[in-house]
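Student: Take a look at the following structure, please.
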Amino acid sequence: MDNAVDRHVFYISDGTAITAEVLGHAVMSQFPVTISSITLPFVENESRARAVKDQIDAIYHQTGVRPLVFYSIVLPEIRAIILRSEGFCQDIVQALVAPLQQEMKLDPTPIAHRTHGLNPNNLNKYDARIAAIDYTLAHDDGISLRNLDQAQVILLGVSRCGKTPTSLYLAMQFGIRAANYPFIADDMDNLVLPASLKPLQHKLFGLTIDPERLAAIREERRENSRYASLRQCRMEVAEVEALYRKNQIPWINSTNYSVEEIATKILDIMGLSRRMY
C-alpha cells in the first residue's frame, strides 16, 4: 500500500453517489487516517457492478487491506454483487431505513434516483435553483448592480477572501440568490458603504480573513506584487472590518472555515431558509 494512504474508500451508488459521498466523508472524518477516495456513480446494471467488484478486489489483493465501501443501491441483485467483493461494505441508507421502518410501521418503497433525480414534485424547486445560480453568476464580484434588490444576501469583502465560492455554494446547494461586492485597493483611501448598497443594508454580510492567509493566497495569483504584500493585506482587512463595525454589518472571519461552514453560518446568522435539493 502507498505509505501515504491508510485506507482506500469507495462511494458507490446507482444514482449520483452524492449521498454516499456526503455520509461516507462524515463518517471517515471521525478517524485519524489518510484515505484514497474512489466515487462510482450510476452502478445500475450487473455488468457495471461486476466491474466495480473487480476494482475493489484488485485493491484488496494489491494492498492486503480491505477497502471500505459506502454504498446506496436500490436493486438487490446489484447490491449482492457488491457484497461479494473483498471490501468492508456499509449500506448507508438501509442503516437508517431499518429502524425508521420499525418506528413508523411502514414499508419503504425504494426508487432509484429519488434522492437527486427530477420528478414532477421537485421540478419547480430545481428551476428555482437554476435561476439562483444564473443570478449569482450575473452578480459575481460586482459585475452588475442591477436587480440587487432581488438578492437574498449580498456578500462583501476584499479580493480573495472567499466571496465567489461561498456565493456559488449558496446558490447551488441551497438555491439562494447571492450577490457579492468587492472592496478593492482603490477604495481604501476613503472606504464607505456604496450608495447602491445602503438601501439593502439588511441583506449585507461581510467576510474577512487573516492578513497572513490573504497575502499567501494573493501571492499565488500575483507574485511579488503590492496587491499581495502583507502590508497591503493588513491595511485592507483593517479598513473593511472598521466599515463592518461602523455600519453594523454582520461578518465572520473565513480563515479557518470551509466554504460549506461559511455558507451555513451565513444562513444561520441571516435567518435564510435552507432549501435542500
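Heads up, the Cβ atoms here are built off N, Cα and C, so glycines get one too.
The ADP binding site annotation in Swiss-Prot covers GLY157, VAL158, SER159, ARG160, CYS161, GLY162, LYS163, THR164, and the record cites sequence analysis as its basis.
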Student: Reduced to three states, what secondary structure does DSSP give THR164 (ADP binding site)?
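Tutor: THR164 (ADP binding site) sits in a helix per DSSP.
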Student: Inside 10 Å of the Cβ of LYS163 (ADP binding site), count up the other Cβ atoms and send me the figure.
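Tutor: Result for LYS163 (ADP binding site): 27 other Cβ atoms within 10 Å.
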Student: Quick check: which same-chain residues outside GLY157, VAL158, SER159, ARG160, CYS161, GLY162, LYS163, THR164 lie with their CB within 8 A of the centre of the ADP site CB atoms?
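Tutor: Same chain, not in GLY157, VAL158, SER159, ARG160, CYS161, GLY162, LYS163, THR164, Cβ within 8 Å: ASN180, PRO182, LEU207, ILE209.
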Student: Which residues, sitting 6 or more apart from ARG160 (ADP binding site) on the same chain, put a CB under 8 Å from its CB?
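Tutor: ILE209, LEU214, ILE217, ARG218, ARG221 - these are the non-local Cβ neighbours of ARG160 (ADP binding site), listed in sequence order.
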Student: Within 10 Å of the Cβ of GLY157 (ADP binding site), how many other Cβ atoms are there?
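Tutor: Result for GLY157 (ADP binding site): 26 neighbouring Cβ atoms inside 10 Å.
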Student: 10 Å Cβ neighbour count around CYS161 (ADP binding site)?
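Tutor: Counting Cβ neighbours of CYS161 (ADP binding site) within 10 Å gives 28.
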